[in-house]
Structure formats: C-alpha cells, structure tokens
Amino acid sequence: MAPSSLDVVLKGSSGRNTRGLLRVIILCTIAAAAVSSRLFSVIRFESIIHEFDPWFNFRATKYLIENGFYSFWDWFDDRTWHPLGRVTGGTLYPGLMVTSGVIYHILRLLTIPVDIRNICVMLAPGFSGLTALAMYLLTSEMSDSPSAGLLAAAFMGITPGYISRSVAGSYDNEAIAIFLLVFTFYLWIKAVKNGSIMWGALTALFYGYMVSAWGGYVFITNLIPLHVFVLLCMGRYSTRVYISYTTWYALGTLGSMQIPFVGFLPIRNSDHMSALGVFGLIQLVAFAEFIRGYLPGKQFQKLLTSMVLLTFGLGFGGLVLLSISGVIAPWSGRFYSLWDTGYAKIHIPIIASVSEHQPTAWPAFFFDLNFLIWLFPAGVFMCFQKLKDEHVFVVIYSVLASYFAGVMVRLMLTLTPIVCVAAALALSCILDNFLVASTPSTETKAKATTDDKSLRSTRNPVVGIYSWFSKSVVVASVTLYLLLFVAHCTWVTSNAYSSPSVVLASKLPDGSQFIIDDYREAYYWLRQNTPDNAKIMSWWDYGYQIGGMADRPTLVDNNTWNNTHIATVGKAMSSREEVSYPILRQHDVDYVLVVFGGLLGYSGDDLNKFLWMVRIAEGIWPDEVKERDYFTARGEYRVDEEATPAMKNSLMYKMSYHNFQSLFPAGQAMDRVRNTKLPKESPQLNTLEEAFTSENWIVRLYKVKDLDNLGRDHSNAVAFDKGLKRKRATKHKGPRVLRTE
Amino acid sequence: MKLWSALFLLSSVVSGVLSASSTPDKFTKYQSLSRSGLVELDSASYEDLTSTPRDYYAVIILTATDPRFGCLLCRDFESEWDLIARSWTKGTKPDDLKVVFGTLDFDNGKAIFQKLMLQTAPVLLVFPPTVGPFAKVEGNPLRFDFTGPISADQVYSWIGRHLPEGPKPQLVRPINYMRIVSAITILMAVVTAIAVLSPYILPIIQNRNLWAAISLIAILLFTSGQMFNHIRKVPYVAGDGHGGISYFAGGFQNQFGMETQIVAAIYAVLSFATIALALKVPRMEDPKGQQLAVLIWATVLFTTYSFLLSVFKTKNGGYPFYLPPF
C-alpha cells in the first residue's frame, strides 16, 4: 500500500509534531471558549463589577494603583466601620489586587492604556483560561491517555461550578485562586513523581501565591499532608515523598508567613497543625528507614517501628494538650463549622447567615456539574486500577471535597477541579476503547495478569471492541451527552450566573428586557447629594457597595470582623425608634439605607434578612432584643395586620413600609415578596425622614433628623406639625424621654 | 350563733397568722424537700411555692418528660436542668440570696399548665421575691422560651442575669470518670485486638476493592445531598395531598430523604454502566457477548440519564433539556 499523504503527517516524528501542534490549537480553543462563555454579563449589561465583595476588591485595587504598594500595605481605612476604622492592609489577602496592579503596570509599560476597571472585570475570565491549561497539565499527569488532559481542560473551561465564581466582573479572590489551586496541585504531583527539590520549591512558591490570594489555601495546607500521611500509612514511604514534602513545607510555611494577615497562624493555629504533624512524622519515618538499613535483626526493626509509633503518639498528645491549654489557637470558626455542622448556627450566627454557607441540596450538584457528576465516581474507581501515588491524591481529594461541597454551597468550587479530572479519566477510557479503528483479531489472547492487588474487574487483559456497531452506538451516545453538556453549561451560565446582582434584569410580558438599576441610582444619589463624609448605616451586605459606588463611610461592611458592631446595627434596625435614635446619634449616622423588594417582588430584601439582624443583635443584647418577639403567638413571621408589636415598631419595618400604602388604593396595599396584604395605615416615622426612594422602591434612603430645635422629642414634634392636639394622657404617661448626648 | 361566727373569725385569724408566720420557713421546707437542689412539684406545691409573700427566688421549669408527649426538648434538657440546680446548691453564693429550683411535670400539674395556658413545653419561669432584701416591685414571673436545643450554660447565664448582682456559683460539669475509664479500656482493647488480629485484618485493610467501594459510597452519598438531609433534618417522604406519596420535593432548594436515595441510586447505576463500558466490555473475549453487553449498558446509560434529566426538570421548572424516553 502506497503511503498516502495523510500517513506522512500522522506517522513518525512529523506525526508527533502534528499531534503537538493540534494539541496546542485545541488548548487555545478551549481557553478561548472558557473566556468567551464568561462574557454574557458584559455583553448584556456593561463592563461592571458584580455583587458585593468585588466592590471592595475593586476599591482596594484603585487604592493600590493610586498610592503604590507600600502605602497599600499600611493602609488604614477610616471610611469603613465608622467610628472604628479598619487596618485594611493587614487584614486582607493582597494577591488579587497585586495581580491586577502588576497587569496594569505591564500594560502601561507596553503603552496600552487600559482602565483599571476593565482589568478587574476581565481578570476572572482571563484566569479561567489559564485554569483550563493547568487542568490539562494536572490530568495529563494522572493518565497515559492523550485525550484525558484535553477533556479535563474542556470540562474545566465551561463547567458552571467554576463559572459561577469567575464570570466577567466577578472580581473576587476565587477568580485567581482556583487557577492557583489547580496549578499548585499539578506542581505537587510533579514533585512527588520526580522527587525533585525544584518541583517542591515551585509548589511552595505557588502555594505562597495562593496564600496571598484566598483564605481557602487551608484546603491545600491540609490536603497535601493528608496525601503524604495516607502514603505513609500505605507503606509507600520513599525519598521522593520525603524530599518533595519537606521542601514544600519548609518553604511554603515561610512563604505563607510573609502575608501580614496570616502572620504566625501556620504555627499557632489548629488548621495548620496537620501539616506540622506530618512534617514531624515524616522525619521520624525517614530516620527509621535510614537506621533500618544498618540494623540486621528483626527485633531491632520491631523496636524501631514501635519507637516511631510511640513518638508520633506522644507528639499528637502534645498537640492536643497545647490546643486545650490555649497555646495553639483552636480551629477557626469557619473551618470548625465544616466538621460540626450545627456549630455555626448556635455560636456564630454571622457565618450561618450567609447564604453561600448553607448546605447543598442535590439539584445544585447536577446544576453545577451536569453529567460530570455521574462520571465522577467512575473516574475515581478507575484511579484504583493502578493506584500510583498521584491516584491516591485524586481519591483523597475526591472524598474530602465532596464532603465539603455537601456541607457548604460555596465549596462546590473546590470540588469542581477534581470532578473534571475524574470525569475526564472515565470518559477518555471509554473513548480510547471505542474510538479505535482496528478490530482485534480473535486469535491473539494475551496472558492474564495474576496481580492480586489490582481490582477484580480489571484482572483480564484488554482485548478491544470487535464490532463497528457497538463502537458507533457508544460513540454516538457519548457525543450526544457531550453536546448536551455544552448546551447545559451555556444555558446555566446565561441564566443563573451572569447577573451582576447590582443591575437586575427581568422580562416584560411582551418579552423585551427590563433593566432594574435601582442600586446604582441610589448610590449615585448618595454620591451627588450628600456631604463627602456623611455616614451611611445599612445592613452589612451593602457596606462594600456603598464604599465602592457611593464613596461614603459606612458603619459595617461585608468584612464581618467585628460582630459587636454588626450587632449594634442589628439592634438599631430591630428596635423601636426611641431605642434606635440614640444609637444612630451616637454613631454619627446621617443616612440609613434599606433594601425593600415588596413593590417588585425582589426577594433578597432586608425584611427577609431581618431575622438574622435580630438573631445577631440578640447574641449581644439578649435582654433587649428577642427573636421570639418577632414571631406571632403561633410562631409565624408576619408583616401584615397581625404582625407582633415588636415587628411593627421596629425601625426596619417602618422604613420598609413607610408611605408604601399610598401607592395603592385604600386598603389594597400588597407586599409582593411575602404575598400578604398590609395594614391600612402606613407606619409613622418620627426620628427619620425619607430622603430618597429609587425608581422601583428597591433602595430607600432615610435621613436621620437632627435634634429638635425646641427640645421636644420627635414624636411630639411630628404630632405638632401634623396639627394634632396634644393628648392629655401623654402628659402623665408620655413616651420615654430621649437621652442623647 | 354569735359564738359560732366569733369562733370562725378567730380560727381564720389564727390560720392567717399561722400561714403568715410560716412564710419564712417555706424556703427551708422546700430546701429540705429537694433532692440535689431540685424540688419535684405538683399543682398544690407549685401554688404554694409561688404564692405571694415569698422572700426567695423560685426558678421553675414546666416540662413534659413522659415519652407519651414526644417532647424531645424536654427530655434533652432534663439532665442539663439537674446540672444547673446541682451547681447552684453546691457552689458558694451570698448567704441571703435564696433560690429554689423546681420542676413541674405535666403529669403532676395539668391544672397549672391550663391556668398558664401553655401550649408548648418546656417553659422556664423565674419568680422574683416579693419581700426581703431583693424584693421586686413587680412580682410577675420572668419567662424563658425554648426555641431549640439549648445547653445549660445559656440558660444558666440567662438566670444569672435576672438574679441580683454579686458572686454566683460557676456551672460545673461533673467529670465523667466512668467515661474516661471506659474510653481508655476500649482504646487498649482496640490496640490489643489490632496487634493480635493483624494477620487476619491486614489483608482486609489492604484490599483495594474494599477501599474503592468505601470511597465510591462516600462520594455518592455526599454528592446526592446527604449532608443537607443531616443538617436540615428533612422529612423522609411527604404526602402529595391526595393520599399518595410525593417522592420529589418541589423547588430547587428542597429535598426529601427518599429523594436523595433515589438520586444516589441513579448516579450509582450511571457510574456502574460507565465503568462497565470502559473497563469490562473491552476485556470480553466473545464478540457476540461483547456486542450484547455494549448494547445493554449503553441502553441502561441512556434511559437512566434520560430519567435523571426528567427528575431534574421537575425540580427546576424552566430547565429546557431532556432525552427521549422520559
């Protein structure tokens, strides 16, 4: 048979080159797809920063660009947490801001003028392209199959579980952290395979970068030691493991301690103790292995083993003792609540109140991972086939991450990479078997391997697939699943994850799009109509946005470091005006911002978060604020005529429904979120006056009244202005006198 | 006649004087009645203990510990309540601060529950003294409502806040020596067992199939939302309102216990079909058998996935994708 022109390209060394080129092209295409599928929101709305935390990161980045790195490092921010302020430079993970700052300066150097906002918006999609590449590298280490890496990269590029945190505009730590996570794991696997100091040091370097970028670095800090520990337990100690682990631990710990926010935590916090413990253990094991070479007798070896076990036990006991006596800080609250799932709800309501800290129901898994979720167990099973060191890693990671993802919705993000790896392993195994053109001849029968260690299902040798029919059936159905996956991912991204949540979109009955831009409307009102240092009080969710968009000082924000201060705001919101007003005066509050969705049916409003305010306030002032008071006698949370007095008199209730009834014909006022009819009369506000209400009533701003000129209390002053005659009864049993200083 | 009325008057005066003179002793009387600081009350003694001239604090829990009432909270809190009473009695406290801890069970005090119109249990009431150094003007009891499982520390600090200022005994949890001893014994037994049985256990522990099975089961459980069931304590199944059973909860954020098991089973079938196609089928030597196996597994995969998509569609109404049969 004459060599066709195709054979020249596909065989020999030029064939290798062709395949390499193809692979590069495919990877570039995957990266491009990963970036472009995250641009829905930019195309639909505009280049805008999303949600809450990104607004702070954006503000911090701007500060970094304007003032340089050193003043960013020492940044004391007096415009948040009024009147306390926040040592921002020492309490944030600077990796994200520094990354975009560096990109900004490089682009400037190349004389490409790009606005810093566009860099921030596009950072997450850009890094997701890199994540796909890192995924290719990681998966290629796990499998001999040439297709596994490419499949994994493609999965990682478009799976909604990762897109949810990395669409354009979602300028959050996770944007770069997932790339760093995957790449660090790739370097770690490389280090374990080669036992080289270079790879170990590179792992440490990227681990340090990860520490500077995201609090989730603790996951790596615990996963790598666990991997080593399991390897030791399996009797797989080797110098490769020793070299890579000790290099990583020593350099990585030093690196992570350079971040001011982390500081001495790696040697003082229980979250990091497993890494330290395994570091000690591996020294012991290495020593024992070293001695064993020189000792002949079996007894000595037994003695040695028991010595190692004893020392390990003593060390472990010592650690426990140290953490009980308080030298080592106990588990941090967020980390602890992963193990004791009831812990946060009782002790740290502020953690439990965040919606992304809720447990995950099964539809969320399918929503975020589609058919990868059932390829995932199959892929993990295949790892047991060879079970080399790197496969052990996949298994541990899979089990641990699926537990975490089940406990907390946001940790779906750490599960996604390993699901992509495992699913790619499974799918590539199918494709490799069914996409072979040659048919096996029936005569050739390889010898059966007699390896007891391998799995029962894979003891026989691989023969191959005989008929074209079976091949086409399987390949066709797999192609169908893959196409469905792409359609699913696009649909999910477009529908669920591309809303900036600062700007909302809804469909009018005629199908046209209706943009709800109330937040920005209100924030720009604040920016233009209030003095530069007007203090705004709102629930903490909106703190970052007010700081970023309205540029006004806030009392509390999304960095929830001071529970008491948040509880103060909660108390002010949930108490009667007579109690709240002194609090507002004491904190110099000029404006109060509430989010109200009753007109539009926007369910994420403050009245729906109200119980958390009450709960958090109750944690500090159990005698003054009681959750029970906000429920009716039958245990219902109501806002209508039958709402409890505590509810009706609370500042939040009054601010939400102030004048709302005037929009409707008498007695017809309707709250579209809670689907209830409201009382006929609008609640009476005495100490605040309405300053601004946005177009769809989502954001309502109230100005805190100054003290009355005539020294009356506000309820009397309002009654006087309305022309009401002062009732005699009030003389004897008037409302409480305000004390303000 | 006059004599009778005079006698009656006299007797009522005497009884009044007697009862008045007995008030200071009410505290010592109930103190002596108590076992380890806790008084078991019934309707009559409850009325007596809380009757108005009192110079002591009465801290009373109204509870229903009998299994008939199914009050889990009451039974859980019983031991905690004991702990509070015991800590108070044993600890050092100001001499003139008198506190009586009492328990009124529903079985002994139905009348009281009716009088107070209590719908739920347990309820904790604190009656401040009406005479004596710590007397309060308003003699109304303070009420503590239980909203969920609660520990002794929280209740104790609440009580402490409503007692007058001053040193109060710490809440002391007794060290459970029995538990420590048994833990050590069990630990040693386990170590011994491992040492002795290691030749038999090691092959099991080192069995790769076993570990594969364990990991897969764990992954299937976690990814099908078992942790959600565990944390939120969802019902296993629920009725659909027409006398039938609805297996799937409506809404994206809800699920039933049975539902997650069905989903886990679906995932397991799909994974197993994948494994069979990827690992088992290429190892079959008989062409006909292989053809058949491929067809069977591919069909199983397709139908089950189609079913999964249809289940997901019921959870998420707007989901546009489906595969033929379902």
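Each residue, glycine too, has its Cβ placed from N, Cα and C.
Because TrEMBL annotations are produced automatically, they should be read as predictions rather than curated entries.
Annotated features, as they stand in TrEMBL:
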{"type": "TRANSMEM", "residues": "A:21-43", "note": "transmembrane segment"}
{"type": "DOMAIN", "residues": "A:22-422", "note": "domain 'Oligosaccharyl transferase STT3 N-terminal'"}
{"type": "TRANSMEM", "residues": "A:91-107", "note": "transmembrane segment"}
{"type": "TRANSMEM", "residues": "A:119-139", "note": "transmembrane segment"}
{"type": "TRANSMEM", "residues": "A:145-163", "note": "transmembrane segment"}
{"type": "TRANSMEM", "residues": "A:175-191", "note": "transmembrane segment"}
{"type": "TRANSMEM", "residues": "A:211-234", "note": "transmembrane segment"}
{"type": "TRANSMEM", "residues": "A:246-267", "note": "transmembrane segment"}
{"type": "TRANSMEM", "residues": "A:273-295", "note": "transmembrane segment"}
{"type": "TRANSMEM", "residues": "A:307-331", "note": "transmembrane segment"}
{"type": "TRANSMEM", "residues": "A:364-384", "note": "transmembrane segment"}
{"type": "TRANSMEM", "residues": "A:391-409", "note": "transmembrane segment"}
{"type": "TRANSMEM", "residues": "A:415-437", "note": "transmembrane segment"}
{"type": "DOMAIN", "residues": "A:536-585", "note": "domain 'STT3/PglB/AglB core'"}
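Highlighted: of the candidate stretches A:119-139, A:145-163, A:211-234, A:415-437, A:211-234 has the greatest count of Cβ pairs under 8 Å to the transmembrane segment (A:246-267). Residue counts for the domain 'STT3/PglB/AglB core' (A:536-585) under DSSP (helix as H, G, I; strand as E, B; rest coil) come to 32 helix, 4 strand, 14 coil. For the transmembrane segment (A:415-437), the partner stretch with the most Cβ pairs below 8 Å, chosen from A:119-139, A:273-295, A:391-409, is A:391-409. Counting C-beta pairs under 8 angstroms (sequence separation of 6 or more), the transmembrane segment (A:211-234) fails to reach the transmembrane segment (A:119-139), with fewer than 3 such pairs.
In the predicted model, the domain 'Oligosaccharyl transferase STT3 N-terminal' (A:22-422) has a mean pLDDT of 88. If you look at the transmembrane segment (A:364-384), the same-chain residues 6 or more away from its ends with a CB under 8 A from one of its CBs are 142, 155, 159-161, 164, 391-392, 394-395, 398, 405, 409, 412, 416, 419-427, 429, 455, 481, 484-485, 488-489, 492, 496. Sequence-distant neighbours of the transmembrane segment (A:145-163) (same chain, 6+ residues past either end, Cβ-Cβ under 8 Å): 19, 23, 26-27, 30-31, 33-34, 37-38, 128-129, 131-133, 135-139, 178, 182, 367-370, 372, 412-413, 415-417, 419-421, 423-425, 427-429, 431-432, 486, 488-490, 492-493, 496-497. At the 8 Å Cβ threshold, with sequence separation of at least 6, the transmembrane segment (A:91-107) comes into contact with the transmembrane segment (A:119-139) through 3 or more pairs.
Panel annotation: around the transmembrane segment (A:119-139), residues 27, 30-32, 34-35, 38-39, 42, 47-49, 54, 57-58, 61, 96, 99-100, 103-104, 107, 148-157, 162-163, 165-172, 175-176, 178-179, 182-183, 185-186, 189, 417, 420-421, 424-425 of the same chain, lying at least six beyond its termini, place a Cβ under 8 Å from a Cβ of the stretch. Proximity of distant same-chain residues to the transmembrane segment (A:175-191), defined by a Cβ-Cβ separation under 8 Å and at least 6 residues beyond the stretch ends, is recorded for 95-96, 99, 123-124, 127-128, 130-131, 134-135, 137-138, 141-142, 156, 162, 165-166, 199-200, 202-203, 206-207, 209-210, 213-214, 216-217, 219-220, 224, 227, 243-244, 247-248, 390, 393, 397, 413-414, 416-417. Within the same chain, residues 50, 121, 124-126, 128-133, 136, 146, 150, 153-154, 156-158, 163, 166-169, 489-490, 493-494, 498-500 sit at least 6 positions outside the transmembrane segment (A:21-43) and bring their C-beta atoms closer than 8 Å to a C-beta of that stretch.
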